[in-house]
Amino acid sequence: MAMKKLLIASLLFSSATVYGAEGFVVKDIHFEGLQRVAVGAALLSMPVRPGDTVTDDDISNTIRALFATGNFEDVRVLRDGDTLLVQVKERPTIASITFSGNKSVKDDMLKQNLEASGVRVGESLDRTTIADIEKGLEDFYYSVGKYSASVKAVVTPLPRNRVDLKLVFQEGVSAKIQQINIVGNHAFSTDELISHFQLRDEVPWWNVVGDRKYQKQKLAGDLETLRSYYLDRGYARFNIDSTQVSLTPDKKGIYITVNITEGDQYKFSGVQVTGNLAGHSAEIEALTKVEPGELYNGAKVTRMENDIKKLLGRYGYAYPRVQSQPEINDSDKTVKLHVNVDAGNRYYVRKIRFEGNDTSKDAVLRREMRQMEGAWLGSDLVDQGKDRLNRLGFFETVDTDTQRVPGSPDQVDVVYKVKERNTGSFNFGIGYGTESGVSFQAGVQQDNWLGTGYAVGINGTKNDYQTYTELSVTNPYFTVDGVSLGGRVFYNDFDANDADLSDYTNKSYGTDITLGFPVNEYNTLRAGVGYVHNSLSNMQPQVAMWRYLNSMGQYPDNTNDRNSFSANDFTFNYGWTYNKLDRGFFPTEGSRVNLNGKVTIPGSDNEYYKATLDTATYVPIDNDHQWVVLGRTRFGYGDGIGGKEMPFYENFYAGGSSTVRGFQSNTIGPKAVYFPASSRHDDDDSYDNECKSTESAPCKSDDAVGGNAMAVASLELITPTPFISDKYANSVRTSVFWDMGTVWDTHWDSSAYAGYPDYSDPSNIRMSAGIAVQWMSPLGPLVFSYAQPFKKYDGDKAEQFQFNIGKTW
């Protein structure tokens, strides 16, 4: 025992004293202090084995090897005769990890970072690693301007050499920028330069992008913006000399000073293109032309490089290298641009694969492809395929990945990665207004039936005034060339009086068939035929209605409120669609134009034509497409042929969630003017117009009758949805809007009805403004809107809150 103490004391001064220069032969190895680590595992990590001759260097290597396992806080190696005694203190095992006070950083993100550093439940606690994590987290807070933040690791011992690890955060407040100074600017004012920054020392109320909270990453981005601003205006020698960020003593304020050297403005003297141009020199040189005396422009140089890469990509050169080097001549203030191009190998497509299409059949996606297998890779064709998949509306996201084929110098696989969305919707609508009360509608639509791409819909409405049923089917690829075939059958029993419209009842049924012919990538023409039977009854004597009947050779008695009429019509239906939206669901860029019309053909009782034109344009105002301006219009017009009028039941209506929000559906526009009917009883509650049997002159009502002309427009700002995580960002859309619209009757004779509103005047425009939220829920698209009408006319019916399932735009 005395010998062991002597050896321990000697170890503290010199290991050489213990083992000697020549070492000794180890006959046995004993461990002290092992709890969780097995003896066998500890022995395997040591470079020394029984029977080895051990020197001082071997002992040092043994200690290092044991520390390297990460299992021990302390290691001592002692000699007891011919036995090597290894004394260890194991690191405690982490039993639990908790967080407190963290608001800016979520628990899941913290756990991921800890696990990446090897800190997880069940592992040994490395205090050095914990200290590094503390510092790293504090550095993160400093980078986002929270200089008073602190992160402390609290380690609580538990039985059996275990510990609880708790990270306690004190995030503090973000330091706000007090002032931004730019020193050395002469050509542009400081205010002009700072106006392009994200970080600002003053943020007007209307600026939704500017931020006074300091962030290191944003400052780096702003400095790059400053550099680009000068380079794009000819300052080829522009330089940022230094940047100082000063913190106030209370760590709540930031002063930023940027020192710059503007230099002089330079002009292009020419562009020289060299290298492997793959036989496309003429096209590449056309992309690099500059005008004589044109100012040097850094953005144009970058655009040249990207355009050359895109050009070569269209011809199969998937990985070209394009480098530009400016040659600056300070004597005449010119820049000669040298562009070196290496087209590289030409690649061919071996396979096109799809991932994520669990429901949609492979053929549904493959028929949208413009890139062919076996052909050379065309980047524009790959992008067209992506755009076409997006426009289907079946997917939340579509991404492409071009993967080189191992072992092949000139082959790639093109992979389309899709995330499917619910293409079926249960269409259920509710509206509430002070005059209208509650209204309902319902239906089922499946745009990708059983993954085949067929659109199948069954829609129905059942309420106090309507029973409607419709079955529709569309095959978008009736032929291999992309000709579509669609058809529908419907039945409608409609009581207009109970719907607050002009008083009549119409029972109708019909069918139609339509073929769609793709003209090119973005244009489609449609043509088809249809049949409809209308059986009208209980028609009250109303001016516009009687005017139509007279044009049809029917001259009913003005005093009879039980008139009836029926018509069978055959129509030629036509249409045109231009669609260049970036995706079919929640688009953010591009435009869509939709023209639909019909005209009766020989054999019809009616003779008329009718057409509607819908447009929508999306313009992103930021690079991430989070802020988007949407403009929508809808125009409609119809009229009779050969002296006849368009049927009143084909009139246009406005108001409601798809036209002018804030107004009850179909209530904007002309109102019914009734003739007095002596056969109607004054106590008949089925009619609510103001005429009484004792009156002799026509009288107005609040019943909407629609018109043969319509114009609707909407301006909308789509914004990021607050309080929504990134997981649901693609499923929810928020916007503020301004709607306007009107409906008028071009045949209304204002001179004959001088005491009544002029329903032929198209300037009677209604307006509303509000907010809307759309959500692609498991049931289908949900649309909530709240709008306040601020321009309306007598007889209009407000409906501020509207809620629909199954309608998005």
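Note: Cβ is positioned from N, Cα and C throughout, glycine not excepted.
Taken from Swiss-Prot as is:
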type: COMPBIAS; residues: 679-693; note: compositional bias 'Basic and acidic residues'
type: DOMAIN; residues: 24-91; note: domain 'POTRA 1'
type: DOMAIN; residues: 92-172; note: domain 'POTRA 2'
type: DOMAIN; residues: 175-263; note: domain 'POTRA 3'
type: DOMAIN; residues: 266-344; note: domain 'POTRA 4'
type: DOMAIN; residues: 347-421; note: domain 'POTRA 5'
type: REGION; residues: 679-698; note: region 'Disordered'
type: SIGNAL; residues: 1-20; note: signal peptide
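Using DSSP to sort the residues of the domain 'POTRA 3' (175-263) gives these counts of helix, strand and coil: 21 helix, 29 strand, 39 coil. In terms of DSSP helix, strand and coil, the domain 'POTRA 1' (24-91) has 19 helix, 26 strand, 23 coil.
For the domain 'POTRA 4' (266-344), the model's pLDDT averages out at 92. Helix, strand and coil counts from DSSP across the domain 'POTRA 2' (92-172) read 27 helix, 27 strand, 27 coil.
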